[in-house]
Structure formats: C-alpha cells, structure tokens
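Residues or ranges marked as substrate binding site by TrEMBL: Arg60, Tyr195, Lys201, Arg323. Annotated ATP binding site per TrEMBL: Lys201, His221, Gly237, Leu238, Ser239, Gly240, Thr241, Gly242, Lys243, Thr244, Thr245, Glu287, Arg323, Thr448, in sequence order. Sequence annotations record features per position, and here TrEMBL assigns Mn(2+) binding site to Lys201, His221, Asp258.
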Amino acid sequence: MSTSNPTTKSISLKEYGIKSENVHYQLSPSELHDITIDKGMGREADSGALAVNTGEFTGRSPKDRFIVKDKITEDKVWWGDINIPFSSEKFDALYDKVINYLDEKELFVRDCIACADEDYRLNIRVINEYPWSNLFAYNMFLRPTEDQLKDFDPEWTVINAPGFKADAEIDGTRQHNFAILNFTRKIALIGGTGYTGEIKKGIFSALNFILPVDKNTLPMHCSANVGEEGDTAIFFGLSGTGKTTLSTDPTRRLIGDDEHGWTKDNTVFNFEGGCYAKVINLSEESEPEIYGAIKKGAILENVIMDDNGKVDFADTSITQNTRVSYPIYHIDNIMEPSIGDNVKNIFFLTADAFGVLPPISKLTPSQAAYHFMSGYTAKVAGTEAGVVEPVPSFSACFGAPFMPLHPAKYAEMLSRKMKDSGVNVWLVNTGWTGGPYGVGTRMKLKYTRAMIHAALNGDLGLYTYDTYHIHSVFGVAQPRQCPGVPTEVLSPRTTWNNDEAYYKTAFKLSNAFRENFKKYESGASEEIRRGGPQRYAF
Ligand code: ATP
Ligand code: MN
C-alpha cells in the first residue's frame, strides 16, 4: 500500500515537450518502493530493501556513451574511443523520439542536487520511466530541503527511458542503447538500458568537464573519509578495487564513496548523496557497515533471493556486478555536510591480479603522477576452472570513461595539489598475493584495512632505508613492518616462494606499464616519466 506524503504533487513537463499528465513528482522513497512492488517490477528482501533486476544491462556500456560535439565541447573534449562524438542534429532528432516515447507513459520526476559544497551546487531534474530508477536518483543524488525545492531551477536534466530502443542506422547510435551528454542543452539522454549506474555516471561525466573548465576544481573518481584529527584521505581506484569498501570505515567519517571535487581552497566535497556498493560475496562479518545499510530504502540490483527474500550474495548467476544503492545516511559515521579539508593521504587502489605489486607502498611525487596517468588495475578474464591469465587494464586518472578532457589536464591539477598540500601518496594492491590469480589468493581485507590504518596513523615510519625497501622493478617503497600484518605479506616476492616466477611476472607487468605509457610519453615531463618501472635487462 502506498503511503500518502504531503509533498507529493504533480508537475508539467511541457517545457520538455512531454504532454503526459500522469507524472509523479518528488515521491517519497517508500512510495516508490511500494509502487515498484505493486507493478511487479521488484520484490522486498527480508532486510526491507527493494530488489530489482535492471534488465538486459547489468553494468555500464562505455561503447555507447557519446558526447555532443558542439561549440562548448569541440575544442576541449579529448575525442576518441572514450569520448565518442555525436552530432547536435542527431541528438535533437533522437531527443524528440525519446520524448515522443515517454509522452503516453506514467513518469517519475525528481529534483535533486549534485555537489555538497553550496558554491558548486548543480541542480538536476531526473525524469524516469521506471519508479525504481527514480528511487535510485533519490538515493544517489543530494536531496534538496523543502526550502531549496520552493523555487528550484533545474540546470541539468537526466532523461532516462530504459524501455526505448534506438534504431542505430537512423539514430546514429552504435546499437539500441545509449547515454549521450549534451552540454549546450544540458541534458543527459539515456535510453535502452535500465542500468542505474548510467544515471549517476552521466552527471559525474558532466561535472568532470564543468568543474575543471569553469571552476578550477579537480573532479576525481575516488572515495573519501575523515579521521578523528580532521585529516582527509582520498582513495582512487577503478571498479572493484575497494573505494566503497575501504572508505566505509567505522573509525573515520565517510565523505563519499565514488565522486569528489578537490577545490582551489583545498577542500574535498562529495558530488553525491549516496553510495553504490558491490555486494558480490558480501558478508556481515567482513563488511558490517555496508551489510547494515541494506534495509528499507536501499535498492538491491540483480541479486538472487529465495522465497523468503533471503539474498544469496554468492550467487552471481545474473551478473558479478550485483549492487546496492543507499542514501549515505544509512551509514552511521558520516561527515555532514559531505565536505572535508586538510588532505593528508592519497591511496591509489589497484587489484593486481598478477600478484606482483606490494600490498602497500609509498610513492614519490613523480611515481604518483605516473601511476595516476596510468591508472592500473587488472581484470581476471574468466572464472572457469583452469589457468586464466590476468589482463592488465589501464584507465587514465583511475576513471578514463568518465573524463571528457585529456588525462594530462587532470594529472597536472592533481600534481599541483599534491605539491601544495604535501600529501603522502600510497599505492595499495587489494588484489592477489602468493601468486597470480588462479595460484595465489586475494589479499585479506583485514590486512588491507590494517595497512591503510597504519599509513593514516603514521605507523609506517619515516621514509628511510631501515623502514622501507625499494622494489627492484617498480621502484616503489615497500614498508618492512606494519602493525597487524605478518611481515612476509608485505613483500610480494616472499609470498610467491618462487623468485624466478615472481620476477618473470613482475617484468611482464612492468612491460605492460611501459607499453601503455607510450601514448603519453611525448606529452609527459621527464619528472613524470621517471616515476615508471625501472629498466632492468634480465
Ligand atoms: P566501483 O567503482 O565499481 O564502485 P569500488 O572501487 O568502489 O568499485 P568496491 O565496491 O569497494 O569497489 O569493491 C571491492 C570488492 O572487493 C568488494 O566486493 C570487497 O569485498 C572485495 N575485496 C576483497 N578483498 C579486498 C581487499 N583486500 N580490499 C578491498 N576490497 C576487497
Ligand atoms: Mn564504489
């Protein structure tokens, strides 16, 4: 049964060309939860969370992400396979088709905000075909107060029509699904996919253009939290490397789990109002905060539940990318508003499936710039039995798919900020130890947490020969001791128990780094190039 809510009202969408009058504006989370279940589009889990299936797509589709090439973007965007151009004419035509499709539908509209810092606030209107996608927008964006809603003037609009399918031949898309950003019309147009991540990453990509270009602020694909002394830590990393897991730390206040801006005044603010955690193999014991956040209001995506609504987090029969979104206040220890200052530590998280990078190491400023440009993690090609070779994956700025500008732009801004604030930069391998994927095991979360705490508390000591060992291939400084972590775990070579195999694999990875970096070589300074793996002839 739907609960009535005094704020519930309708809204006209005529200005978008939508004539439908069956429009729900600003429904409460519990109304959206109930409507989704009433329509048979979701089920309630035993935790009270809403469980939905996102349909054909259970992840983003980077090859179907376009940017309209126009006066604003043509000279600034780094065009290529990542930022694929789309013409204004084609956009206008496709927009009209989507609007036409939505015209007769029951729609769910929500006004929300991005950027927790008032000076950077971006008002957003999200128009959804599905009620649960609108609940996702409630969870993930910042929620305006009654006062802020009074004369809310939406600047950007997200139009989300999962049921609409494009005709690639006519519409200029690659296939039936698309996510297109138009900076002139300030629209993110998403069709043919119900994957909710497209909604949040659409606005993220827009901000990754707007903030550096207009506001001299560095946007980052990172999580962030604040310690008891008021020190801020930020955690960069590609998908699955641990941003959400490691920033959710009961001893530190969470700023946010995925998207932040580092301002010219040296503050760090969250773009979002919620978290979007992976739930594959989630357990209450190892991740109690995230587990506890899965309750009424949260949306579970693509999980398998039994008849009693009990979720089997180990079941990946729909996808490995099972997720939960929840508003940030589902976590106990949070920063309010979601802003920190005094950045003291930066962590680059990587899930190295080759198992050769140290579980934690300290980077020099040139190494930090080099690793930021490289953005390394590894993918494990498959999960079938037998030997599977890991595949190195490089994504500039630890988030290339969301970065419209040339990676060097973001890297230069970060280098300057790192120098100005005198931060420590750490490379943390949350991936494999004791051998590569298939032979070794994933680093214990307990150890990774202990290493991060030691780095944050200054327990890894000063940067001297007695406290650190310089890695002979990657040149990074590996601490010799760390409270709460067995000493042998700190040295990847030791955990392999086979020096020859270790070095062979380490060289394979260092070659992959060098190969990847070639495309930046001409543009990168000598200082940055020095930060790469060393050249040893073996
Ligand atoms: P995304 O950008 O897709 O949101 P993310 O960087 O936030 O990705 P997480 O959601 O934190 O990634 O995923 C890390 C996953 O790896 C979790 O499922 C976590 O339980 C698991 N994991 C296993 N071992 C470790 C470890 N040592 N450190 C961090 N995470 C680990
Ligand atoms: Mn995350």
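All positions are counted from 1 along the displayed chain.
Keep in mind that glycine also has a Cβ here, set from the backbone N, Cα and C atoms.
Small disclaimer: the values here were computed from a predicted structure and weren't measured.
Thinking about packing and proximity, how do these listed features fit into the structure?
DSSP assigns Arg60 (substrate binding site) to coil, not to a helix or a strand. Cβ neighbour count for Arg60 (substrate binding site): 21 (other Cβ atoms within 10 Å of its Cβ, all protein chains included).
Around the Cβ of Lys201 (substrate binding site), a 10 Å sphere holds 25 further Cβ atoms from the protein chains shown. In the three-state DSSP scheme, Lys201 (substrate binding site) falls into the helix class.
Same-chain residues at least 6 positions away in sequence with a Cβ under 8 Å from that of His221 (Mn(2+) binding site) are, in sequence order, Phe204, Phe236, Asp258, Glu259, Cys397, Phe398, Gly399, Phe402, Met403.
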Taking ligand 2 as the reference, state which of the binding-site residues Arg60, Lys201, Ser239, Arg323 have a Cβ closer than 6 Å to one of its atoms.
none
Tell me the Cα distance separating Arg323 (substrate binding site) from Thr241 (ATP binding site), rounded to the nearest angstrom.
15
Those binding-site residues, Arg60, His221, Arg323: which ones have a Cβ sitting under 6 Å from ligand 1?
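The ones that qualify number zero, so the answer is none.
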Of the binding-site residues Gly237, Ser239, Lys243, Thr245, which sits closest to Lys201 (substrate binding site) by Cα distance?
Ser239
Other than Arg60, Tyr195, Lys201, Arg323, which residues of the chain come within 8 Å of the substrate site, judged by Cβ distance to the Cβ centroid of those residues?
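Here the nearby residues are Phe57, Gly59, Thr196, Gly197, Glu198, Lys200, Tyr276, Asn321.
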For Thr245 (ATP binding site), what is the secondary structure state per DSSP, taken as helix, strand or coil?
helix
Taking the Cβ of Gly237 (ATP binding site) as the reference point, list residues of the same chain whose Cβ is under 8 angstroms away and which are at least six residues distant in sequence.
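The list for Gly237 (ATP binding site) reads Cys222, Lys243, Phe347, Phe348, Leu349, Thr350, Ala351, Thr377, Phe398, Thr430, given in order along the sequence.
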